[in-house]
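Reviewing the structure listed below.
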Amino acid sequence: MAEKFESLMNIHGFDLGSRYMDLKPLGCGGNGLVFSAVDNDCDKRVAVKKIVLTDPQSVKHALREIKIIRRLDHDNIVKVFEILGPSGSQLTDDVGSLTELNCVYIVQEYMETDLANLLEQGPLLEDHARLFMYQLLRGLKYIHSANVLHRDLKPANLFINTEDLVLKIGDFGLARIMDPHYSHKGHLSEGLVTKWYRSPRLLLSPNNYTKAIDMWAAGCIFAEMLTGKTLFAGAHELEQMQLILESIPVVHEEDRQELLNVIPVYIRNDMTEPHKPLTQLLPGISPEALDFLEQILTFSPMDRLTAEEALSHPYMSIYSFPTDEPISSHPFHIEDEVDDILLMDESHSHIYNWERYHESQFSDHDWPIHNNYEADEVQRDPRALSDVTDEEEVQVDPRKYLDGDREKYLEDPAFDTHFSTEPCWQYSDHHENKYCDLECSHTCNYKMRSSSYLDNLVWRDSEVNHYYEPKLIIDLSNWKEQSKEKSDKKGKSKCEKNGLVKAQIALEEASQQLVEKEREKNQGFDFDSFIAETIQLSLQHEPTDVDKLNDLNSSVSQMESKGLISKSVSREKQEKGMANLAQLGALYQTSWESQFVSNGEECFLIDQFCCEVRKDEQVEKENTYTSYLDKFFSKKEDAEMLEPEPVEEGKLGEKERGESFLSNSGELFFNKQLEAIGIPQFHSPVGSPLKSIQATLTPSAMKSSPQIPHKTYSSILKHLN
C-alpha cells in the first residue's frame, strides 16, 4: 500500500498525507485529476479532486468552483465535504493564501458510476431515461435558481448510484455565475461545453449565451439515453451545425438570416421542415417523449423550455411534485462576479475572506445597482424580462424579503438559538459528524435550518420519495450483471452502506480463513496425495504375489486402525492364522521328507488358512469402503481361487499333486503364501514355483506384513534352505 501511494505521489503529485489511504484513479474533471480514497477518520470512501494552481487564471477558476460548490446543497448535486491544501492541510480563512498554494484538494461525495459508463452497456429503457431526466431537471432547476451555469453537462458528469437510481450533477470546474439582471455579452468564455452538446446559439455566438445552453445539453443527454449513441456527433463545429440543421427546424426569420451570414452554403429558403426529423433519429419513442424532446431541442433559446417548465411538462407528470423541487435560498449576484475580477489584483485579494462566500452579505436592497445609471440604460438578459418586469420579482426566492422571517422559526423548540447556522463540516473538529449530517440524517435533503427545510420537514417525514420506483431498480440489470456482485445491504443505514471499509475488508479475510479451516477439517479425501502416490506406484516394478499380500495386509491394518472395518473379523482371522501356523511350526521339528509323507495334514491346514484368507478378502470386497490400493490391485489379472473339496486323507496327496496348482479352467495359479510347499517336484531346477516364491520372501517383505509374525517366515526359510 505504501509503495502504491508513493507511486501515485511521484506520477501525479497526489499528496493527501496519512489521513487518506487506498487511492484509486477515477478520471479527469474539468480542471483537475480525480481520485477515490478512504478517509481513515471515518472509514468512508470519498472522491478527491486535485486542482493545480499554476497562474492567476487557474487561481480564479479554482476560487470560482470552490465558491459555487460550497453553497450549492441539493439532493441531485454531488455534495462537497471540505477543501484541503497540500498534504491534507486545512485552509485558512484568508482567500489571499490561495495564491500562495500550488494545489488544492476538494473532498466530495463518492458515487458508484457515471451515466457515460452506464450507456456503454447499451440504451436504457424509456422508464429509466425518464427517471434520470427528471432528476437532472430537478438539479438544474436548483442550479439555475442560484444564478449558476454549469456549462459542461455531459453523461460523464452525471453520477449515478445503481442501488437506488439516484442521479447527481458533478464537476463544476467550468461553471460560472451569471446574474440575470445584467448582460454578459462579450464577457463569457467560449469553447467550454463539449462539442457534441453545444447548442446552436453557442456555435454561432460563443461569447453570448444564457442558461438555455444547459437545457440543450440536457435534451441531447435524454436522447442519448434512449438510443445509446450521441444524437449529434460532429467532427468539428461546422459539421456539428450541419447535423443540427438537418433535424432541428429553424422557425424564426431572424435566426435564418443570422445563419445566412455565417454559413450560407447550408441555408435554404424554407428550413421549417428538416430532412431528418427527430422521429427518424429516435425510432420507437413514445409520442409524449417526442413532444417533450422537441420542446427542449429548439433552435432558438427563447423557444426552449426552462428546467422549471420542463418539470411541469405532461411527460414528467408521474414524477413532478413542485413542493419537492426546491430552489436556492441564497443565489449568487453580480458582486460575486466582481470578486473574481478583484482577485486578479493582489492589492485587493487579501481583503476578501472565505466567510464572504458561505452566505451572501448583501441583499438586493443593499447593493447599489443603479446608483450611476438609469434603469433604461442598464442592459438586461432578454430571458429575464420574458415573463416579469418588476426588479424584485425577478429574484427567485421571494421569502428573502419577508419581515420577521427568522423570528417565526425560533418558536420551534427544536431550534437552538445558540447553534451556528453555518454548516458543521467547516470546523476541523467534529470531522466525523459531517458525513453523518450530510448522508444519514433527514437534514441532508435541504440546507440545514433553512426556511425550505423547516417548511417541508413535516410532509417529508410522512411522504415517501415520490420519484423512487423499486421496479425500475429491479429492471436495471444489464449494467448490474457485468459489475461485481454486492453483498446484501438491506436494512442498513447509509453510513453502514458507505462506511466501515476497513472493517468489511477484515471481515472478508476472516471469513476466508474460516472457510479454509473448515475445508481442512472436513477433508475426507486428499486428491493431491492420491495422485502423488499413484505416480509413485506406477514407477515401481510390478509387485509379486507376496508383495500384493503384504500391501493388502497393510491396507487392512490401516482400515482397522481407522475403524473402517469391524475389529472382530480381523481378530478372528488373525487368531485362526496364528493357530494354524503354530501347528505347522510344531511339525517343522521333523524332517522335510516326513512332513511331505504324512498324508498332507500340514498342507491341508495351510490350505484351510489360505481359504479363510480368501473368504475375508471377499468380505472386504463386498464392503462399501474400498481403498485405492485395493482398487489398484483388483485391476491385475489374478486367477480365481478354488475352495478345497472335502476328500479322504489317503487321497489327499495324490489330488494335491495333480490339482493343487490348477483352477477350473486349467490355468496354473500361485498360493499367495505357502501352498507351494506341497509340490513334490520342488527339487526340479526348471519351472519350480517354489524357487520363485522363495526368491520373493526377502526380509523386507516379511517385515512389511503385520498379520504373519516374522518368526514363522524365518522357520519356513530355515527348512527350505
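Quick reminder: no glycine exception, Cβ is built from N, Cα and C everywhere.
The annotation active site, proton acceptor is assigned in Swiss-Prot to D152. Secondary structure at D152 (active site, proton acceptor), taken from DSSP and collapsed to helix, strand or coil, is coil.
There are 16 other Cβ atoms within 10 Å of the Cβ belonging to L26 (ATP binding site). Per Swiss-Prot, ATP binding site is recorded for L26, G27, C28, G29, G30, N31, G32, L33, V34, K49, and the stated evidence type is sequence analysis.
The predicted model assigns the domain 'Protein kinase' (20-316) a mean pLDDT of 87. Annotated domain 'Protein kinase' per Swiss-Prot: 20-316, in sequence order.
What Swiss-Prot records for T626 is phosphothreonine, and it gives similarity to another entry as the kind of evidence.
Annotation source Swiss-Prot lists phosphotyrosine at Y628.
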Fewest other C-beta atoms within 10 angstroms, as judged across C28, V34, which are the binding-site residues:
C28
Note: in the chain of G32 (ATP binding site), residues six or more apart in sequence with C-beta under 8 angstroms of its C-beta are K49, K50, I51, V52, I106, G173
D152 (active site, proton acceptor) and L26 (ATP binding site), distance between Cα atoms, whole Å
18
D152 (active site, proton acceptor) and V34 (ATP binding site), Cα-Cα, nearest whole angstrom
16
If you measure D152 (active site, proton acceptor) to C28 (ATP binding site) at Cα, how many Å is it?
13
